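Colleague: This is the structure I want to talk about, given as structure tokens.
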Amino acid sequence: MSVLVKEVIEKLRLDIVYGEPELLEKEINTADITRPGLEMTGYFDYYTPERIQLLGMKEWSYLISMPSNSRYEVLKKMFLPETPAVIVARGLVVPEEMLKAARECKIAILTSRAATSRLSGKLSSYLDSRLAERTSVHGVLMDIYGMGVLIQGDSGIGKSETGLELVKRGHRLVADDRVDIFAKDEITLWGEPAEILKHLIEIRGVGIIDVMSLYGASAVKDSSQVQLAVYLENYDTHKTFDRLGNNAEELEVSGVAIPRIRIPVKTGRNISVVIEAAAMNYRAKEMGFDATRLFDERLTSLIARNEVQNA
């Protein structure tokens, strides 16, 4: 995957100091950013020209302190064909030598009024999410009470119908049928729809529904963190399902594990309400309120009292 320079400009609201249209179509293939330091002294061993070059106050001050001809020579060595763009932070004035080198080497020069550290963080986060490797899973991703819940199950079990019912109950659809999931960092999963399926949901017997057109912009979301997985399966009298919520199960995607619960589907059960309760219960556990632990404590206390009375 790659990101175009013009997409970064639009996302971070950067100003274009120099950049022909074809330069804004350059591809960025790495989320790493370089803040050139030793390179300005002429040391180019281990230089990474394929990264976006970000100049803050320190780099700019050192550059300005150099004689004009030395400044131009250093910048010409820094600006290579594979360099996607150069960004100058804090709204600092771009030296004429930089513009001259950029024109000769065909490198876009961009500026931002944001502080260097803040700009670097936003840029890294954006590139990380855009360039992360995607894993496609079958299911429905919903935003329920601000939590990303991935609904999975066998084909025909009613995942999309459950998603539609949740939309009617005020929750938001992120993706139906195919969910593209990526690891935003070592502990966080993020999910989004395939572009062709965005805001659409397929219901057997009805066809494809445009959720945004029918229910409005508040019924959809472009992406969401994936925090909980729910697996729907047919009710089986010969199978034992978790009744206390103490059998921990996990779903692992891209090396990141999230909790997963299994919900048996049976005629008469309102699955959307059950999933709502599961989402709220998970949030309560994250806040330190565990109903299973509370029940266990009460049961232990009751047994202890009975033993004392019967002694």
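Glycine is no exception: its Cβ is also placed from the backbone N, Cα and C atoms.
Keep in mind that what you see is a predicted model, and the values were worked out from it rather than measured.
Taken from Swiss-Prot, the feature active site applies to H138, K159, R243, supported by sequence analysis. What Swiss-Prot records for G153, D154, S155, G156, I157, G158, K159, S160 is ATP binding site, and it gives sequence analysis as the kind of evidence. The annotation Mg(2+) binding site is assigned in Swiss-Prot to S160, E202 on the grounds of sequence analysis. Feature annotation from Swiss-Prot assigns active site, proton acceptor to D177. The region 'Important for the catalytic mechanism of dephosphorylation' annotation in Swiss-Prot covers 264-269, and the record cites sequence analysis as its basis.
Locate each feature and note its surroundings.
Modeller: Annotation note: H138 (active site) sits in a strand segment as assigned by DSSP.
Its Cβ placed at the centre, G153 (ATP binding site) has 21 other Cβ atoms within 10 Å.
All chains included, 24 other C-beta atoms sit within 10 angstroms of the C-beta of K159 (ATP binding site).
In the three-state DSSP reading, E202 (Mg(2+) binding site) counts as strand.
A C-beta separation below 8 Å, combined with a sequence spacing of at least six in one chain, links D177 (active site, proton acceptor) to H138, G139, V140, S160, L197, I201, E202.
Applying DSSP to the region 'Important for the catalytic mechanism of dephosphorylation' (264-269) sorts its residues as follows: 0 helix, 2 strand, 4 coil.
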Colleague: What is the number of other Cβ atoms found within 10 Å of the Cβ of S155 (ATP binding site)?
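Modeller: Other Cβ atoms found within 10 Å: 6.
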Colleague: Validating a neighbour-count step here. Other CB atoms within 10 A of the CB of G156 (ATP binding site): how many?
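Modeller: Excluding its own Cβ, the number within 10 Å is 9.
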Colleague: Using the Cβ center of G153, D154, S155, G156, I157, G158, K159, S160 as the ATP site position, which other residues in that chain lie within 8 Å, going by their Cβ?
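Modeller: In sequence order, the nearby non-listed residues are L232.
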Colleague: Which residues in the same chain, at least 6 apart in sequence, have a Cβ under 8 Å from the Cβ of G158 (ATP binding site)?
Modeller: L232, V265, I271
Colleague: Provide the three-state secondary structure of I157 (ATP binding site) computed with DSSP.
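Modeller: DSSP assigns I157 (ATP binding site) to coil.
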